Amino acid sequence: MADKTFKLNTGAEIPALGLGTWQGEPGKVKSAVAHALKNGYKLIDCAYCYGNEDEVGEGLAEAFASGVKREDVFIMTKVWATYNTRVELGLEKSLKALGLDYVDLYLVHWPLLLNPEGNDDRFPKLPDGSRDVIHGWDHREAWKQMEALVNSGKVKAIGVCNYSKKYLEELLPVAKIVPAINQIENHPALPQTEIVDLCKEKGIHIVAYSPLGSTGSPLQTAEPVVKLAEKKGVSPVTILLSHHVARGHTVLAKSVNPDRITANKNIVDLDADDLKLLDDYSAEIVSKKEWKRYVYPPFGVQFGFPDKS
Ligand SMILES: NC(=O)c1ccc[n+]([C@@H]2O[C@H](COP(=O)([O-])OP(=O)(O)OC[C@H]3O[C@@H](n4cnc5c(N)ncnc54)[C@H](OP(=O)(O)O)[C@@H]3O)[C@@H](O)[C@H]2O)c1
């Protein structure tokens, strides 16, 4: 299962499982990346905004020095919202920090503009402490700049993150290139079925983030997850990760703990009955509007997510 891949709309293959690096702590994320790649991971998810691409780059260099081949690894990173009007500059900064000539996938991290001339490179704030957002900016502008990168040789493909159905429906009619992926928060407590269905229809691959419920992995204790884990004789984490792969999606799990990184490679087959258990749980959460979105920066922008409108 560790070598399983899915085909993107570019024809390239993307691994089914990747290592996340958000909140990959300083002093730990280098060895986490190196450990993952030396132990069979083929996908690393990065972002300028995580502030650790230098150290992730050191981990990549260690893995390459040990014999892992660049062309066998799929690396994706993201343009941060202060760079959405300067996408190429954002890419150059990430490539330099990561020590790479190209990335396999470059993504719009969030469809909004944070003041490029604000009081911080990544998280500019107004005097009242709120985020320095340029309201009224059209998110499709960033996509035009993304499209212009495709022939540069510095990105093999482009995609988006955190695009709601509403935002995709605004983007797709003007897009010359259909995004290869939409990287979204996705787990049984936030199924986002309306986005998943639209992406499927348009040939946009889903990459699930925060599959364990992000910091502290709270979804491990969700009752149906625990039940299914007992039935299959695996850990709840294995269920939460396998859930995506069984549905044809890529899943990203973050850990800086070598044992957990290795354990998270354990993806098992889930059959229709297993998936139904989790789907029923999701349907109940949606019907009661008890979604859990763990990652939602306080931008003060309506992105069109039903759980936030
Ligand atoms: N595009 C976006 O806007 C966006 C947003 C959020 C995340 N992401 C990407 O998706 C990745 C994954 O999401 P995430 O980091 O939010 O959360 P996650 O992967 O759902 O959960 C990470 C948490 O689970 C713990 N953990 C990992 N494996 C475990 C295991 N086997 N047993 C017990 N605990 C375990 C980690 O701790 P330890 O490290 O201590 O093991 C960490 O506290 C991110 O790192 C990032 O690359 C993208």
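Yeah, the Cβs are placed from backbone N, Cα and C, and that goes for glycine too.
What TrEMBL says about this protein:
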ACT_SITE  Tyr50  active site, proton donor
BINDING   His109  substrate binding site
DOMAIN    17-280  domain 'NADP-dependent oxidoreductase'
SITE      Lys78  site 'Lowers pKa of active site Tyr'
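Secondary structure at His109 (substrate binding site), as computed by DSSP, is coil.
Sequence-distant neighbours of Tyr50 (active site, proton donor) (same chain, six or more apart, CB under 8 Å from its CB) are Thr21, Trp22, Gln23, Gly24, Val56, listed in sequence order.
Ranking the recorded positions Lys78, His109 by how many Cβ atoms sit within 10 Å of each one's Cβ puts Lys78 at the top. On the 0 to 100 pLDDT scale, the domain 'NADP-dependent oxidoreductase' (17-280) averages 98 in the predicted structure. His109 (substrate binding site) sits 5 Å from Lys78 (site 'Lowers pKa of active site Tyr'), taking the CA atoms of both as reference points.
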